[in-house]
Amino acid sequence: MGGIKELIDTKEFYFAAGAATIALTYGVYKFAKYLDFQDEYFQTVNNWCWVKQKCTSNRRVLVLGLDGAGKTKFVTCFHPNANPRDTVMDPAPTVGFCVKSVPIGDTCFDIWDVGGAVDGRSYWREFLLDIDVVVWVVDSSASERFFESRCALHRFLRHPETRGLPVMIIASKQDCRSALPQEDVFRAMGVDIHKHNEFSIIGTSLPSTGERKGIWQAYKMITRMSPNYMNRMNHIRAVENKVNNTKHDKVKRGDKALVC
Ligand SMILES: Nc1nc2c(ncn2[C@@H]2O[C@H](COP(=O)(O)OP(=O)(O)OP(=O)(O)O)[C@@H](O)[C@H]2O)c(=O)[nH]1
Ligand SMILES: [Mg+2]
């Protein structure tokens, strides 16, 4: 007992207690920061665990939007363990489509990157089978094409297969000087008439060299939105069975989308 009292009275004890408090505070700070970490290069998801994780679930992501909107750049940057110093090459326009499988943590993202050229847009609906979430990419720096993008999106959402599908809008090229804020891009898409879809907006800056932003948020959002899809489909089916006015509703949706 006397020994402990003596120990407490020593300078070393106070020094050690001070050091321990600082270390603990630092640990708590780091942990809090980790929880709110914007991990643009996915270094935490696959690396913090020494054992390589196996894919236990799949998400099918369909990436659409006008030509030159930034779809392929988004898909290129959407992968784990990218080196922050890597230069991302400017992609060539996509002819047809490309599929990429990206394992992140225990989830495999099957990403369908479809070319946005005018003559291919009528085939977009062919990619809708088993899709969990649609990523709609809009070039925020090309406001003169917002209307074209809006019309293309509304035309796409007129297909009955898109009912209940979550749509994440990407306001790309936020690093460009002429880029409009993501809220303006969202408003310009005028999606509030599509009551059966859930929408979200994420801004991305993916310059070829330098800091890239928005991919982590997009990953989080895709993960959040896609499991809701089945719930929404069940809900929609229940509503449709009750009201039994599907045909009338489709016509109504078509009329409104003609505002384009
Ligand atoms: N500065 C900047 N440039 C971007 C960004 N995203 C895309 N780009 C550039 O925009 C151009 C078009 O990008 P793509 O990804 O090829 O566009 P896309 O939507 O795949 O076009 P299609 O394949 O023709 O449908 C490329 O030169 C990209 O490097 C961005 O966030 N910032
Ligand atoms: Mg492309």
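Even glycines carry a Cβ here, placed using N, Cα and C.
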| message | If I go by TrEMBL, which of GLY18, GLY27, GLY116 binds GTP at the same site as GLY65, LEU66, ASP67, GLY68, ALA69, GLY70, LYS71, THR72? | response | GLY116
| task | With a Cβ cut-off under 8 Å, give me the same-chain residues at least six positions beyond the ends of the transmembrane segment (12-29) that come close to it. | result | none
| task | Using a 10 Å cut-off, grab the number of neighbouring Cβ atoms around the Cβ of THR94 (Mg(2+) binding site), all chains included. | result | 18
| request: Using C-alpha atoms only, work out the spacing between GLY116 (GTP binding site) and THR94 (Mg(2+) binding site) and round it to an integer in Å. | output: 8
| What kind of secondary structure is GLY116 (GTP binding site) part of, going by DSSP in three states? | coil
